[in-house]
């Protein structure tokens, strides 16, 4: 069957993939690629999770507090926020490295930078050295995150792509659990190694990426953008068709990718100005920027980095309890994150975002009320309910901002601007994280429970913006989504040429088969 223009434009690639009856684990090449994706790409976010708990848990360690002079307020804030500050500094050059040298080399570069920063952090001799080390880790982290998220979306088979990109963020909690568990285990060491050991272990995810990333194929879309069409074709045939060069799906996929990239490159100057050149790109820019803010300003930083201060507000001051509660929360968050990633194909994107943000609002309002009741009345029930609402925050947050973040970013930004779009998301996300990690310790100490009210109000604003700005992206291929905000002329041009190329390819294949049959006769 040859795809007509209307077929390709009407989710043709997506329908072919969804109708494929063979599951991924029964496809040898695809299974191998997915298993390799975990340690060297999907696991990149483990570094972010590890970092949040390094700071969160280290603040509970007497040796760490003594070594750095019992940091509080602004000093405590900069110790935590040095990493996002380093990320903001490193972001402008990421698209250049990612689109010039490829996704794998960008991951390799970022990973080596993080290893160097981790070594300096683990052997820091004073506060400034510790802060600089965290800035270096932050500088390298977004190189790996941007390239890794692009590679997952561009390598994954369309049937599993949303799940893979959703699991990318869920791995945050694996790093958080390892860090929280390690710090819990080293808290009885009565010297500096109680915090140096966890600090040095932060390089583990980066070492995995360095060891395994070149076992993965390069992004076919990157290869086609560099006129390496045959290399890209070979990768798609091997992993998306299990070596079947006559696969109807791969013929249609290659034609669509090649055509869409040609149209994109024709209208793109591959510069930062592309992000504001058209109305469609400006809307993408606004959504990507807001998503960066929302992922870090929805109250999660309070729990991720300053849980000890929050627990003190409701009377839980025992470091042992705080550490155990924190470790349990990270394990629970991993379950919620993976569960949300596995159901991402069952619901529409807008439905998940709106359900998630309204759930976050309900949790924050309830948590604020319970905390206020405890402080005013010393109610033991209110304190325990506060503990419950902190745990209830995780499924709400994971439903939208964890599970969907990179899935959505990869879908709304076309290939030519994808690295810049994710870099902009990272800029606003890290800037918001820098702001939050500096302001939250001051706010919780100076204002107490009333500080949580500011998040309740802001989350209301987030819900309104998501309702009016977020488009639906589910059920379409990346190439179809490349023209999400543009008029239909570009889409029709792409689908017409793609269908023509598919037909030509199939006709040539049929002639080749006929020649072979004739030779046999």
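Using the three backbone atoms N, Cα and C, a Cβ is placed for every residue, glycine included.
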TrEMBL annotation (transmembrane segment) - matching range among 34-55, 232-253: 34-55
Matching range for TrEMBL feature annotation, transmembrane segment, among 256-279, 352-375: 352-375
308-326, 327-345, 422-440 - the one TrEMBL records as transmembrane segment: 327-345
Listed range which TrEMBL flags as transmembrane segment, given the options 195-216, 481-502: 195-216
For the transmembrane segment (352-375), distant same-chain residues with Cβ under 8 A (at least six beyond the ends): 294, 298-299, 313-315, 340, 344, 382-383, 385-386, 389-390, 392-393, 395-401, 403-404, 448-450, 452-453, 455-456, 459-460, 462-463, 466-467, 470
Leading stretch by Cβ pairs under 8 Å, where the reference is the transmembrane segment (106-124) and the options are 34-55, 167-189, 195-216, 327-345, 452-470: 195-216
Confidence summary for the domain 'Major facilitator superfamily (MFS) profile' (37-474), mean pLDDT rounded: 87
